[in-house]
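Let me begin by presenting the structure, written as structure tokens, before commenting on it.
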Amino acid sequence: MSEATRIDGKAFAAKLRERVGALAEAFAETAGRKPGLAVVLVGEDAASQVYVGAKGKATVAANMESFEHRLPADTDEGTLLALVAQLNADEAVDGILVQLPLPGHLNEQAVIGAIDPGKDVDGFHVINAGRLSVGQTGFVPCTPLGCMMLLADRLGDLSGLEAVVIGRSNIVGKPMAQLLLDANATVTIAHSRTKDLPGVVRRADIVVAAVGRPEMVKADWLKPGATVIDVGINRLPPEPGSDKGRLVGDVAFAEASETAAAITPVPGGVGPMTIAVLLRNTLVAAYEHAGLDTPEI
Ligand SMILES: NC(=O)C1=CN([C@@H]2O[C@H](COP(=O)(O)OP(=O)(O)OC[C@H]3O[C@@H](n4cnc5c(N)ncnc54)[C@H](OP(=O)(O)O)[C@@H]3O)[C@@H](O)[C@H]2O)C=CC1
Ligand SMILES: Nc1nc(=O)c2c([nH]1)NC[C@@H]1CN(c3ccc(C(=O)N[C@@H](CCC(=O)O)C(=O)O)cc3)C=[N+]21
């Protein structure tokens, strides 16, 4: 078996951000304002700080307005809900993202439920989750939608393909499985109670790993020729003499590359797609709020 194709999510995301940026400029000319994205970060988690910074930069680079709200870790729920209400009412804000996870004393479902579903560009509100599950138009979570874009680009029609999603979270695994089902794949959702996970994964033409366990999926779990989408972002402990550990996915990339036909790397795979799709969803929200026809993107 020859070496797998490396699916270049970073390059795909850059192209998507460029298209979104051009459409955002056109939007501003018609609507007289830029699309706006508000990002709310509660607490000082180092990884979250990095992501929020990256989102802000990408937003501005795509000709959109970025509103960042950084709140202390001990912020009470009333204060956070009041901020969400203010952003819901703000006409300059088309999209609202509350960075997860929230500190333990805050109820995530209550906070996400307070976001106007029309501004929920993460697609985490129950209204958008419900719309996805019954086949209505709504905001689709960025990471799974980004994975679908990579799969469609790579494989075209997914009809009849065996897909195994490892992980069943509300933000990745479940919506991912729903999108694959909508694309007529035969979908299996695996999780921590799945028996014989390697055997289940071996059936798959498409494997999506969204677990959060470094390099868990091994080469001998894969059907030769499978397409592998690695959602996992795991920071390994630092090597002696270095202050930061390496970033790895949920798939043992080097060995899996010997068996798979195509695989996304970490970093440079799904992560950049998540941010590009967030901008795409914000653009769509802006067109909707302005009462304009949404361009195909
Ligand atoms: N690239 C990106 O843009 C993004 C990356 N991520 C990354 O994706 C990964 C998953 O994130 P998320 O969905 O939020 O994580 P969660 O922790 O919410 O969900 C993890 C899922 O994996 C399952 N699981 C855990 N251990 C095993 C195991 N040994 N075998 C099989 N299944 C297992 C869990 O099963 P059970 O339900 O039974 O507990 C659960 O369904 C993380 O590494 C995260 O950092 C997340 C969001 C965006
Ligand atoms: N409300 C909310 N929405 C989210 O979409 C959300 C969230 N909360 N909480 C955290 C997770 C994680 N997430 C990532 C986004 C980009 C990269 C990304 O760009 N990663 C780069 C590497 C970045 C680095 O070097 O650290 C890459 O994979 O190439 C990763 C992870 C969004 N999330």
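Glycine too: its Cβ is placed from the backbone N, Cα and C atoms.
Feature annotations, courtesy of TrEMBL:
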- G167, R168, S169, I233: NADP(+) binding site (BINDING)
- 7-122: domain 'Tetrahydrofolate dehydrogenase/cyclohydrolase catalytic' (DOMAIN)
- 141-288: domain 'Tetrahydrofolate dehydrogenase/cyclohydrolase NAD(P)-binding' (DOMAIN)
Densest Cβ neighbourhood among G167, R168, S169, I233 (binding-site residues), 10 Å radius: G167
Residues among the binding-site residues R168, S169, I233 that border ligand 2 - Cβ under 6 angstroms, in sequence order: I233
Within the domain 'Tetrahydrofolate dehydrogenase/cyclohydrolase NAD(P)-binding' (141-288), residues counted as helix, strand or coil by DSSP: 55 helix, 26 strand, 67 coil
